[in-house]
Amino acid sequence: MNIILLGPPGAGKGTQAQRLVERHGMKQLSTGDMLRAAVKAETPVGLKAKAVMEAGQLVSDEIVSALIGDELDAMPAGQGAIFDGYPRTAPQAESLDAILESRGRKLDHVIELDVNEDALVERITGRYTCATCGKGYHDKFEKPAVEGTCDKCGGHEFKRRPDDNEETVRTRMAEYRAKTAPILPIYESRGIVSRVDGMADMDDVTAAIEAILAAR
């Protein structure tokens, strides 16, 4: 089974992808992670990508496609893949079809985590973590039992990510919509797109995704 998982930053894609990995033994293919790993390992594709990046240029679709092909070739035949961050354009969608078909695979599901922009802004801008142990909290939804003290380690210092601000979140939402708009109709025409309420409880989101996978 091969899945594309869509959703803006903060929608919970990472959590749901990890649960799919744990439950179904699938492999998460994140283009960013694959690129960094290939460059570090100095594979032929990695060296090509490194040269492009050092020249200050964007990594081409051809290089990304080669990375994905290499990853799929290294996977057992029966292992499913979760595509994260790819495809983002119509040409990339066509390329992915060709990559999968040449390896006897096909795309089974495109699952989009649907979110309310205002609610997502509230979710992201309110989150913070303990500077000592990393336990997560939220201004509204998950406060420490004792204000100013971490429930887990008793620490008193907390931190927020610098990009967890409203302007950045809304910019990322706009970028996400612009990037996914061209590819969704391609997959909708095949009847493989499903939408899940990404604002629901994480366990409910997982249950909804599992129901989609079980239905086909």
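The backbone N, Cα and C atoms fix where each Cβ goes, glycine too.
Annotation comment: Swiss-Prot describes G10, A11, G12, K13, G14, T15, R127, A200 as ATP binding site. Positions annotated as region 'NMP' by Swiss-Prot, on the basis of sequence analysis: 30-59. Sequence annotations record features per position, and here Swiss-Prot assigns AMP binding site to T31, R36, Q57, L58, V59, G85, Y86, P87, R88, Q92, R161, R172 based on sequence analysis. Sequence annotations record features per position, and here Swiss-Prot assigns region 'LID' to 126-164 based on sequence analysis. Taken from Swiss-Prot, the feature Zn(2+) binding site covers C130, C133, C150, C153.
Around the Cβ of R88 (AMP binding site), a 10 Å sphere holds 19 further Cβ atoms from the protein chains shown. Confidence across the region 'NMP' (30-59), taken as the mean pLDDT and rounded to a whole number, stands at 87. Nearest in space to C150 (Zn(2+) binding site), taking C-alpha to C-alpha distance over the binding-site residues A11, T31, Q57, R88, is A11. Following the DSSP three-state reduction, the secondary structure of T15 (ATP binding site) is helix. Under the DSSP three-state reduction, R127 (ATP binding site) is assigned to strand.
Taking the C-alpha positions, the distance from R127 (ATP binding site) to R161 (AMP binding site) comes to 9 Å.
Beyond the region 'LID' (126-164), no same-chain residue lying 6 or more positions past its ends has a Cβ under 8 Å from any Cβ of the stretch. Using a 10 Å Cβ-Cβ cutoff, Q57 (AMP binding site) registers 9 neighbours. Counting residue by residue with DSSP, the region 'NMP' (30-59) contains 22 helix, 1 strand, 7 coil. Same-chain residues with CB within 8 A of the center of the C130, C133, C150, C153 CB atoms, the Zn(2+) site residues themselves not counted, are A131, T132, G134, K135, D151, K152, G154, G155. For the binding-site residues given as T15, T31, the lowest number of other CB atoms within 10 Å of the residue's CB is seen at T15. Other Cβ atoms within 10 Å of the Cβ of R127 (ATP binding site) number 18 in total over all chains. Taking CA atoms as the reference points, R88 (AMP binding site) and K13 (ATP binding site) are 15 Å apart.
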